[in-house]
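Feature annotations, reproduced from TrEMBL:
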DOMAIN    A:15-129  domain 'Aspartate/homoserine dehydrogenase NAD-binding'
BINDING   A:Ala132, A:Asn199  NAD(+) binding site
DOMAIN    A:177-264  domain 'Aspartate dehydrogenase'
ACT_SITE  A:His229  active site
There are 2 protein chains.
Amino acid sequence: MESSKREKRKVGLIGCGAIGSEIAVAIDSSRVNAELVAVYDACRERAYTLVSRLNKRPMIADSIEALLASDTELIVEAASQQAVKDYARSIVEHGNDIMLMSVGALLDDTFYAELCSLLERHGRRLYLPTGAIAGIDAIRSVKHMLKEVTLTTTKHPRALTGAPFFKEHRVNLKGLKKARVIYNGYAREAVRLFPANVNVAAILSIAGIGADKTKVKIVADPRARRNIHEIHAKGEFGELYFKVSNVPSPSNPKTSYLAVLSAIECLSRACNGRVSIGT
Amino acid sequence: MESSKREKRKVGLIGCGAIGSEIAVAIDSSRVNAELVAVYDACRERAYTLVSRLNKRPMIADSIEALLASDTELIVEAASQQAVKDYARSIVEHGNDIMLMSVGALLDDTFYAELCSLLERHGRRLYLPTGAIAGIDAIRSVKHMLKEVTLTTTKHPRALTGAPFFKEHRVNLKGLKKARVIYNGYAREAVRLFPANVNVAAILSIAGIGADKTKVKIVADPRARRNIHEIHAKGEFGELYFKVSNVPSPSNPKTSYLAVLSAIECLSRACNGRVSIGT
């Protein structure tokens, strides 16, 4: 038992895009106490490109079934919400722990409840990284007392273009001279109108008071050089305010560097964690 | 194995003061998936007072040996740094996981390293709650890239009186008309001069770049109604800023409510944790 605890955990990866690749490289460079045994990507080409970069080459699975047939203990999803919906259940039923990047999929309450009961039944664990924000440790600690939680995301108009929100609302993004609140609502709706924000809004909702009570503001700021997430929370315990100014990931401008680093640290804790630092 | 994972964890408690009592009550009221099997306090009277408040009465151990002789799986320390130094090693050697409130004890690098190798040898886990601050999830994620981390603590002069710092420095606290930075240095020294701040400075140091590089500022503000902790962190990933305004714990004005809630949530995650929310 003691020695087994010291052994590297056998990890499988679903999704070989930018984030999946960063995680794979972190494992390959021994930054995580794990062994990447198998990878899967709907685009086999992408899986090949990733594996060719690694020193210890994992098996390339040509289906989820093949991935689950390998002797993995923990599967990392870095693909899409759809992949979570399609595969999470069988991953757990095959006796794997699971770490999700596409946390937004858990805003489907029925699906989340079903996944939780499967985890219970199979004695497995679900790991959800904090992602591109911070302070989920404190939010979880005060969740029973939260009177109000607001996520304010500020981006350059350029970074907002194309969001479904603009199909219903005419906003002259290019014409903006100064910062403007373009959306003010709740997480449940916000993630539909601004899918780029989904994981941040989802983890905050899940850790705190849920997607129907968590407020979300979207601000377009022509002077914004970075994506900024702010969280305000209040309750009997006092007040919390977090501000995170994110630099894009070197490997993928659409992802915050912090989101990638957070995933690697979350996996690291899941794979070793003799010392659990932080609530 | 599956069923065993669902069973309540058998917890022992060292320290039956305000924080220890809050944790015991949280377990007793089933907010934590644990069973409190034994408690110890150097002052036996205090242990009695606590146990008399509980529905499920734990055994009152009259020594650490007696506590460890009971069938605990996880020991919670809510006593003092000295208790950590005196007992943490034998707790782990007896095959227990351990959760520490007096995190400051780990700033003794030799002791911390020794404890870590014991955890490794015995396959046990050490849990360190975030405490009265927030964002340890993000700090851990970026620790390899941190260029700078500063903890600024603002308190009413009243809350600072008596700190060892004032033996060496004459400051007319009572005479302060507005906020004033009274200390600006590093965590290693700050925890000696302002022991009341030790756990906050310690967890931030341990999660990030260590006590010799983590900056600490202490501000006395006659208008301050709450204890405020601010954390600034910078690096290639971007910037983090956290501000926590803490209300005192209802049961102990010297402790932040958040510190108690954080400990209960940390224990809760350690005892159940099918779903690990946050990095």
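Note that Cβ sites are derived from N, Cα and C of the backbone, with glycine treated the same way.
Shown on the structure are the features that TrEMBL records.
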| residue | record | DSSP class |
| --- | --- | --- |
| A:Ala132 | NAD(+) binding site | coil |
| A:Asn199 | NAD(+) binding site | helix |
| A:His229 | active site | strand |
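When Cβ atoms from all protein chains are considered, those within 10 Å of A:Ala132 (NAD(+) binding site) total 26, not counting its own. Counting only same-chain residues six or more apart in sequence, the Cβ atoms lying under 8 angstroms from the Cβ of A:Asn199 (NAD(+) binding site) belong to A:Met101, A:Ser102, A:Val103, A:Gly104, A:Gly131, A:Ala132, A:Ala259. Under DSSP, residues within the domain 'Aspartate dehydrogenase' (A:177-264) fall into helix, strand and coil as 28 helix, 38 strand, 22 coil. Neighbour density for A:His229 (active site): within 10 A of its CB lie 24 other CB atoms from the protein chains shown. Over the domain 'Aspartate/homoserine dehydrogenase NAD-binding' (A:15-129) the predicted model carries a mean pLDDT of 97.
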